[in-house]
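*Asks:* Below is one structure. I have some questions about it.
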Amino acid sequence: MAERQHQGEKIKPLGFLKPISLRKVPGRFQTHQNSLPRLPVPPLQQTLDHYLQILQPIVSEEEWNNTKQLVEEFRGSGGVGERLQKSLERRARKTENWLSEWWLKTAYLQYRQPVVIHSSPGLVLPKQDFVDSQGQLRFAAKLIEGALDFKAMIDNETLPVEYLGGKPLCMNQYYQILSSCRIPGPKQDSVINFSKTTKPPMHITVVHNFQFFELDVYHSDGTPLTSDQIFIQLEKIWNSSLQTNKEPIGILTTNHRNTWAKAYTNLIKDKTNKASVRSIQKSIFTVCLDAPMPRVSDDIYKSRVAGQMLHGGGSKQNSGNRWFDKTLQFIVAEDGSCGLVYEHAAAEGPPIVALLDHIVEFSKKPELVRSPMIPLPMPKKLRFNISPEIKSDIEKAKQNLNIMVQDLDLTVLVFHHFGKNFPKSEKMSPDGFIQMALQLAYYRIYGHTCSTYESASLRMFHLGRTDTIRSNSIDSFRFVKAMDDSNSTEQMKVELLRKAVLTHRSYTDKAIRGEAIDRHLLGLKLQAIEDLVSIPEIFMDTSYAIAMHFNLSTSQVPAKTDCVMCFGPVVPDGYGVCYNPMAEHINFVVSAYNSCAETNAARLAHYLEKALLDMRTLLQEHPRAKL
């Protein structure tokens, strides 16, 4: 089920956004959206040729020959492939985006694993310098004020349009991340967005010591509260929730989706509970005021913080201080660790990072005037009636979550030897360079290569989400084999590395133009299911299963802020690798599962560091001839 990946898209991060105007510009967003091109359906023969190419380094010769036969049957004139392709092209003419609804369902809403670790990415911010609750609440207040400042641009439709390679991008995801929430269902979840309702939400949810509060962040005249005013409100919340003796109701959201759907139906039978849950779902976003983490040594501190952002550390730590169905949850702990976690159905990483970069810039601005201290109402505590059945659901959710938390192996690597400036100085794509280092690290550990997923943005198209960059190519395979082969000259290695990086760059360009193979193949398969024809042999083949089993699931999420995202592996014997290449260093988070004896996050991180250094040495010792 690797299909739901992922966050990173190759987009230059936004700068600090200055509102173009504070006046509303109604209709501007819609006009922009309508001008975007529609996602194309790639030519069938091109996709099938590509498919056979990407299989070469990952399947045996016998499997490849067998698949080649199936592909030839599928692509034959008047065959099933052509029929499905025509149906898909018809669908593309009739819909705004032939893929988006299918993708939302298959990648997210019908995916039944818990959203925690398996789907929702976490993001780690640099440690803040406060060490007590006063500092924690001041920082949280400033963060809320910055988020509301960004929200004003969304509401007024004055958010500057982003560009990629000179082309304008779809901005729809920005309109999905606030005031929205996922709702569990027995077979399929749904996402509700309250921002366009007649009475849009004016409150956020604040969680402290497993207790939920509704905090109004606007005055009756529609102006937002200032950070001073928010701080006072947060203090009231803090002081009225000093004990953690309450049932951690939020833990229920960490469960398997079917289990949670059942518990959810039961939970909201009670009127009080229903109103409390509705308040959380409707809120603009959630702020989790966490307890400090257990003290650990400096070298593992960052990896533990990544865990706090991804899953909360388990039921004895901060996992009960979340509502994981909420699209956006900011996390601020008493010890200065902070970040966020977001529910993936609504958006990829870049819009979240753009919001974050804005907040970070905003919070650097000095307070020009002290706000008037007007009396503000007490934030409303959300009540829950816990029946014995709900109590038992909470206990089971705790047990399941703690097993998941124990099983996740996370390593944060701050690679400080060089950043994206080095590959740039060698006229190489920094992303391609990093991806080749990952290929080399994996090959050195396992002696073979694997199916590799890297997400590419389809936001050049109306309602575009992602497609897959297949970083493992025939050229990358040739490079990693040659790198430690005594029969290869250094000059050959340099040429193979440069060629592999160029191949990666060209596949990336194809992907962002809508010409990658993964979503197209998925579309053909889903079209077969929809047309009630039998599923073509090509999709029942071992090679297809190997191609879709992503042992390396990777994502570049660039940001101005020195942060990094993280997510769990998408297969039991795989790795999740997320990275943010800064000018002079690179932040990585590597994840694996402890239950798999073959994988180890720290080992991959170690080999990745060595691969990056070896590749630099190779290039530095064999400079390009000056033309």
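Sequential numbering from 1, following the chain as shown.
Glycine residues also receive a Cβ, built from the backbone N, Cα and C atoms like all the rest.
Summarising the annotation, TrEMBL assigns domain 'Choline/carnitine acyltransferase' to 39-610. Residues or ranges marked as active site, proton acceptor in TrEMBL: His344. As annotated by TrEMBL, CoA binding site applies to Lys420, Lys424, Ser425, Glu426, Lys427, Met428, Ser429, Pro430, Asp431, Ser457, Arg505, Gln556. The annotation (R)-carnitine binding site is assigned in TrEMBL to Tyr453, Ser455, Thr466.
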*Asks:* Given the recorded positions His344, Lys420, Lys427, Arg505, and counting only Cβ atoms in the protein chains shown, which has the most within 10 Å of its Cβ?
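*Replies:* Counting Cβ neighbours within 10 Å, the top one is His344.
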*Asks:* Could you measure between Lys427 (CoA binding site) and Thr466 ((R)-carnitine binding site) for me? Cα positions, answer in whole angstrom.
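*Replies:* Spelling it out, the Cα of Lys427 (CoA binding site) and the Cα of Thr466 ((R)-carnitine binding site) are 26 Å apart.
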*Asks:* In Å, rounded, how far does the Cα of Ser425 (CoA binding site) sit from the Cα of the residue listed as 'active site, proton acceptor'?
*Replies:* 35
*Asks:* Of all the binding-site residues here, Ser425, Ser429, Ser455, which one's CB has the most other CB atoms within 10 A?
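*Replies:* When each Cβ's neighbours within 10 Å are tallied, Ser455 leads.
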*Asks:* Pairwise over Tyr453, Ser455, Thr466, annotated as binding (R)-carnitine, what's the top Cα to Cα distance to the nearest Å?
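*Replies:* Between the most distant Cα atoms of the (R)-carnitine site, 11 Å.
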*Asks:* Within 10 Å of each Cβ, count the other Cβ atoms and name the one among the binding-site residues Asp431, Tyr453 with the highest count.
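*Replies:* Top count of Cβ atoms within 10 Å goes to Tyr453.
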*Asks:* Do you know offhand how many angstrom separate Arg505 (CoA binding site) and Ser455 ((R)-carnitine binding site) by C-alpha?
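*Replies:* Just about 13 Å between their Cα atoms.
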*Asks:* For the domain 'Choline/carnitine acyltransferase' (39-610), what's the mean pLDDT in this predicted model?
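*Replies:* Summing pLDDT over the domain 'Choline/carnitine acyltransferase' (39-610) and dividing by its length gives 94.
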